[in-house]
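Participant: Please find one structure pasted underneath; my questions will follow.
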Amino acid sequence: MTDIINLINDFGQSNPERVAVRHKDEELTYQQLMDESSKLAHLLQDNHKPLIVYGHMSPYMLVGMIGAIKAGCGYVPIDTSVPSERVNMIINKVQPDIIFNTSDTQLNHSNIQELTIQSIQDSDNPTLFDSQMGLTDVVYTIFTSGSTGEPKGVQIEYASLIEFAEWMVSLNESEGSQEWLNQAPFSFDLSVMAIYPCLTSGGTLNLVDKEMINKPKLLNEMLVNTPINAWVSTPSFMEMCLLLPNLNESSYPSLNHFFFCGEILPHRTAKALLDRYPSAVVYNTYGPTEATVAVTGIKLTPEVIEAYNPLPVGVSRPNTSLFTTDEGELVIKGNSVSLGYLDNKEKTDAVFNFEDGLRIYHTGDKAIEKDGQWFIQGRIDFQIKLNGYRMELEEIETQLRQSEFVRETVVVPVYKNNKVIHLIGAVVPTEEVRDDLEMTRQIKSELKSRLPEYMIPRKFVWMKQLPLTSNGKLDRKQVAEDINA
């Protein structure tokens, strides 16, 4: 098991001028990344609480992450797209001493020191720092959706991250340094799939910002100017990019590796991609945030595409085993499993335990094993994935119920081809709805201050009451049937 910081540092010493990370016109070389992160680590060395790293796709967010690893305190990434109320929830849960803010907006939290890019650049701290991160230390905490209305902080230990990065590098069939594309914001653990395999193999990390997410033409300009080799994204992002007619092997021959995670990869998407890139290495992977990004993988070939629809997610990676309960729930066992949720013993005890000295996580996903391959069949609870983002419907409902216009509510996912395409909020209003559009606007306006955009229902339907089951519980299935009737 080779230390991540040592690998990055060794490459930086032999290739100091190679670009480590790039976003538009901003870039940092390996020398700059290691120097600036060491300067930050000196500022953090007496800090025993995680470093909040705040911003959006700034190369200096990598400085924050690497610096926090060197200092041994670990980091918590927060993207600027996260609503302020949710940011405050996370900060209150983490209780950090220091926030590294790479954005132009001050967070202004009393009793918390706020470092900026300028403060690191102006620092005269030494540019060398021996990493203090231990294998069993928490390297990062990523917050996911929580059913109580509060996000849950998933804690990943350093050894788990190292194993994951090594596994990802082993899947790469190219030799030498590569240009990697990262689509996911750093507060989404899919970004980990690009960051550390890229940097530990001497590659350049190219960051896709939120403007490109909905505008493939902007991404097209990026591909024209940068010979991307390895692509990491959700399947949904690839589906959108396939609308570009020139996304093919003849137009962009450098693209030779594709890694997908975060949601189910549709068969049609994989087939369309392989039709355009018949020589590429394409991996379909699966894993929850609680098990260090991905725990299974399969290389998709024309033979696999021909044999399976839906597609398998492959076999488990080293030091990780999978099994299912009698109810069909997938359980993950091994080194990849998280240490649990930050300061949330009740939630941790509900889904994590130990067996034979190894950590176990109950995923809530339905799965079967067939022909030696694992297949994911959806959720066993009310947690869903929309555009690659995992969320709990109960969290959205909790926030909806805070509205003065909402007496009761159920959020219903709308499916197409076994994939969630948007959400509908079934609402029992506190008063008669006289203007549908105005009521919808007011509720959405309230939600925007408390939830990310992707968690806000596309539309609302108004109901006099919500149906109950025979034992007095809310009948979600009936609500969904009523909406779709």
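If you go along the chain as it appears here, the first residue is 1 and each next one adds 1.
Just so it is clear, glycine is given a Cβ too, placed from its N, Cα and C backbone atoms.
Keep in mind that what you see is a predicted model, and the values were worked out from it rather than measured.
So Swiss-Prot lists these for the protein:
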- Thr144, Ser145, Asn284, Thr285, Tyr286, Gly287, Pro288, Thr289, Asp365, Lys473: ATP binding site (BINDING)
- Asp189, Val293, Lys473: D-alanine binding site (BINDING)
Participant: Run through Asn284, Tyr286, Pro288, Asp365 for me and report the binding-site residues whose CA is within 10 Å of the CA of Asp189 (D-alanine binding site), in sequence order.
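Facilitator: Near Asp189 (D-alanine binding site), where near means Cα within 10 Å, the binding-site residues are Pro288.
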Participant: Where does Asp365 (ATP binding site) sit in DSSP terms: helix, strand, or coil?
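Facilitator: Asp365 (ATP binding site) sits in a strand per DSSP.
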Participant: What whole-number Å value do you get for the CA-CA distance of Tyr286 (ATP binding site) and Val293 (D-alanine binding site)?
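Facilitator: Taking the Cα atoms only, Tyr286 (ATP binding site) lies 8 Å from Val293 (D-alanine binding site).
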Participant: Between Val293 (D-alanine binding site) and Thr144 (ATP binding site), find the distance joining the two CA atoms and give it rounded to the nearest Å.
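Facilitator: Here the two Cα atoms are 12 Å apart.
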Participant: May I ask you to report the DSSP-based helix, strand or coil state of Val293 (D-alanine binding site)?
Facilitator: coil
Participant: List the residues of the same chain that sit at least 6 positions away from Asn284 (ATP binding site) in sequence and have their Cβ under 8 Å from its Cβ, in sequence order, or write 'none'.
Facilitator: Phe260, Leu265, Ala270, Gly297, Ile298, Leu300, Leu311, Pro312, Val313, Gly314
